[in-house]
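J.: I am attaching a structure below and will ask some questions about it afterwards.
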Amino acid sequence: MKKLSYLLMFTVMILVLAACGNSEATGSSGDSGSESEGNGPIEITYWYAWGDKIGENNENLVEQFNEMQDEIHVTAEFQGSYDELHSKTQAAFAAGNAPEVTQNEIASIETFAKSGMTQDLTAFVEEDADEIDMDDFNPGLMGNSYVDDKLYGLPYLRSTPIVYINKTMFEEKGIDPASIQTWEDFQSAAENLTDDEHVGISMPVDIWFYEAFVAQAGGEMVNENGEIAFNGEGGVEALNLWKEMVEAGTMRVPGGEPLQAADMARQDFATGRAGMYFSSTADLTLMLQLAEENGYELETIMFPENEQRSVPTGGANLVMTTGLDEEKQQAAWEFIKFMTAPEQTAYASEYTGYLPSRLSAVESDTMQELYEEKPQFKVAVDQLQYGNARPMIEGYPEVVKILIEEIQRLMLDPSLEAGDVLDQAAERSANVIK
Amino acid sequence: MRSAKWRPYFFVAPAIIVFLVFFIQPIFYMIYLSFHDWNFISPDKTFVGLGNFKDLLSDPMFLEVIRNTLMYTFFTVLFSISLALLMSIWLNKQGWMYSFVQGAVFSPHIISLVSIAMLWMWIMDADYGLLNWVLSLVGLEKVPWLTDPNTALSSLIIIAVWKNIGYFTLIIIAGLQSIPKHLYEAAALDRTPPWRRFAKITFPMLSPSLFFLTIIGILDSIKVFETISIITKGGPLNSTNTLVYYIYENGFIFFKIGYASAAGVILLVILSILTLLYFKVLSKRVHYQ
């Protein structure tokens with residue numbers, strides 16, 4: 001019986017916290033004004049996902065913001081992966097102590113907006129029209145910002161997947177990375193790279209890459225009516241490509257828990273066992289470092305095209321939570337504006353490899369110098385003209401889980417038919433989105 | 001002395017209040033939620049009656065989850081207790097070597113489960129792990145351990161047994177040492193063969209300890225969460241998804257609180273039945289001195 005209390009206590013703690021949170025909010029709304037008028041700055045909290053370089057970047061930018069002015073003080077807090085960040089935000093919101101500013105992984109913008117957790121930012125932008133130029137945000141990144149024509153998030157640390165290439169290995173095998181334009185080029189390059197000790201590419205089963213290939217094949221994950229469409233022609237074609245490559249032994253797909261599988265693929269590439277690797281542009285700084293440590297040259301190229309060239313975008317948008325008083329809202333807005341301004345986006349891009357989300361930032365001296373010095377950074381920006389939004393329907397995380405599971409089933413047993421596996425996933429998903 | 005009447009109630013009140021607030025109220029709240037459709041945030045909870053339970057029981061995934069949980073519990077408890085029994089009979093001797101080994105097998109018990117999970121993820125890594133490296137040294141084939149649906153659950157059972165064994169051994173050794181020596185002396189006089197001595201003296205005299213360990217073991221294994229959450233996230237192909245992780249996943253990742261609560265109610269029912277079973281059936285067979 002006591003064992004059950006784990007969950008139960010969690011539930012009750014949330015209830016108790018909710019009760020405390022509410023009374024605090026109602027009780028102190030009167031004096032919180034006078035408090036901040038007095039002396040101390042307005043305190044707001046900002047939650048972010050991912051550590052390492054990305055975490056440092058967040059901490060550094062927040063520090064810059066705190067030093068630049070003394071009216072607002074931001075406390076940045078690390079919350080793990082996107083999934084963890086989301087569930088913590090949701091639990092904290094239910095408990096009445098959500099952070100004022102947080103990140104939404106772009107596919108979850110709609111879910112958060114529709115459940116009333118994130119603030120409609122349209123009015124803030126209109127009020128500040130002369131200060132913030134919405135046209136300066138890269139249009140390829142704006143697809144996941146609006147819900148029902150209202151703005152809910154501004155592009156912050158945004159990415160696209162790119163193809164990382166072990167240039168040294170390519171040269172040994174006499175392949176020119178630039179020659180990889182189509183799926184056939186990609187497939188034959190993988191074939192040429194594969195021998196007893198090497199494999200063409202190591203790739204975890206990741207929804208992002210699948211989204212990319214489906215779009216390249218001219219298909220879609222979810223159609224405009226919000227219905228599952230990945231079991232259409234494009235989806236089957238994309239999965240068939242993977243299946244063929246796995247069967248031919250030119251693609252290695254590590255199994256296991258998703259983050260662990262991603263780690264294994266990265267190790268394969270870092271240690272020179274795999275010639276190619278898909279990953280977010282956000283990993284570029286880290287991958288350059290790993291390549292140097294392991295003594296090979298790193299190059300990046302765009303995803304190959306089939307029917308068309310297309311890549312999903314990814315990363316996080318900055319959002320403001322609802323239920324804040326006006327003062328906190330203004331403070332949160334100031335902070336969001338700062339974090340997404342051209343200068344900061346250039347800083348973040350250089351620090352991590354994330355995309356500069358502002359067009360003017362791409363033109364800035366900082367970025368131009370960087371592209372000159374490290375051309376690997378430019379690929380993602382060039383590729384952005386083919387960037388697409390990610391599906392945002394409610395229940396998508398669960399659909400993703402089901403789909404990944406079914407694709408893994410095929411990867412473990414390539415004798416299955418891609419079409420059957422996808423139909424099965426679509427059928428199971430239909431119950432989820434209803 | 002009328003005042004004495006309320007006095008006992010006054011003294012137990014803090015305990016009772018804590019019990020009501022933290023144990024009883026949440027149970028009822030969970031049961032209440034299990035009849036609703038709710039995403040945690042929205043102000044209105046839609047009443048769906050037994051809908052969540054119907055969905056649950058018709059979901060093949062949930063049946064898999066129940067199966068995984070029972071398999072995990074059964075084998076973890078079985079292996080933990082039988083290995084601990086062997087180990088304690090071996091270690092129940094005097095000497096620094098034996099106390100050192102006793103201490104060593106106990107050490108996993110005091111390490112946090114999160115660290116244990118990280119450690120075993122590395123040990124069981126299919127390509128770069130210690131275990132496969134050792135296997136390859138002996139010329140055996142690599143085992144995919146955590147990444148294959150056929151071996152993942154067994155791998156988690158190995159980890160759990162490894163963690164349990166020290167604590168279980170300690171309890172059993174304490175049980176062994178409290179068995180009165182005169183029983184063995186009497187048996188020696190009767191020239192009782194060793195296996196009979198074990199079956200007629202050691203085992204019955206140990207039964208309170210073994211009974212306690214069975215309860216602890218089953219309850220602990222049924223609510224397994226940390227290792228699953230860190231090592232496999234219920235995968236690959238749902239093969240290691242267990243009840244508590246399933247509840248967490250539905251409640252806090254997919255935000256289906258009603259559905260998760262319904263699964264919680266089922267967990268409550270299973271645990272209640274097990275607890276009743278212990279006390280009605282098993283306890284009669286346990287020999288208390």
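Each residue, glycine too, has its Cβ placed from N, Cα and C.
Any TrEMBL annotation is an automated prediction that lacks curation.
OK, TrEMBL features for this one:
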{"type": "DOMAIN", "residues": "B:66-278", "note": "domain 'ABC transmembrane type-1'"}
{"type": "TRANSMEM", "residues": "B:9-32", "note": "transmembrane segment"}
{"type": "TRANSMEM", "residues": "B:70-91", "note": "transmembrane segment"}
{"type": "TRANSMEM", "residues": "B:103-123", "note": "transmembrane segment"}
{"type": "TRANSMEM", "residues": "B:152-176", "note": "transmembrane segment"}
{"type": "TRANSMEM", "residues": "B:197-219", "note": "transmembrane segment"}
{"type": "TRANSMEM", "residues": "B:257-279", "note": "transmembrane segment"}
J.: As a test: from B:9-32, B:103-123, B:152-176, B:257-279, pick the stretch that has the greatest number of Cβ pairs under 8 Å with the transmembrane segment (B:70-91).
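T.: Most contacts with the transmembrane segment (B:70-91): B:152-176.
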J.: Could you give the residue numbers and ranges of same-chain residues that sit at least 6 residues beyond the transmembrane segment (B:257-279) on either side and whose C-beta is under 8 angstroms from one of its C-beta atoms?
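T.: Sequence-distant neighbours of the transmembrane segment (B:257-279): 27, 30-31, 33-40, 45, 48, 52-53, 55-56, 62, 211, 214-215, 218-219, 222, 243-244, 246-248, 250-251.
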J.: The transmembrane segment (B:152-176): which same-chain residues, six or more beyond its ends, come within Cβ distance under 8 Å?
T.: 68, 71-72, 75-76, 79-81, 83-85, 87-89, 91-92, 102, 105-109, 113, 116-117, 120, 124, 145-146, 202, 205-206, 208-210, 212-213, 217, 220-221, 224, 227-228, 231-232, 235-236, 239-240
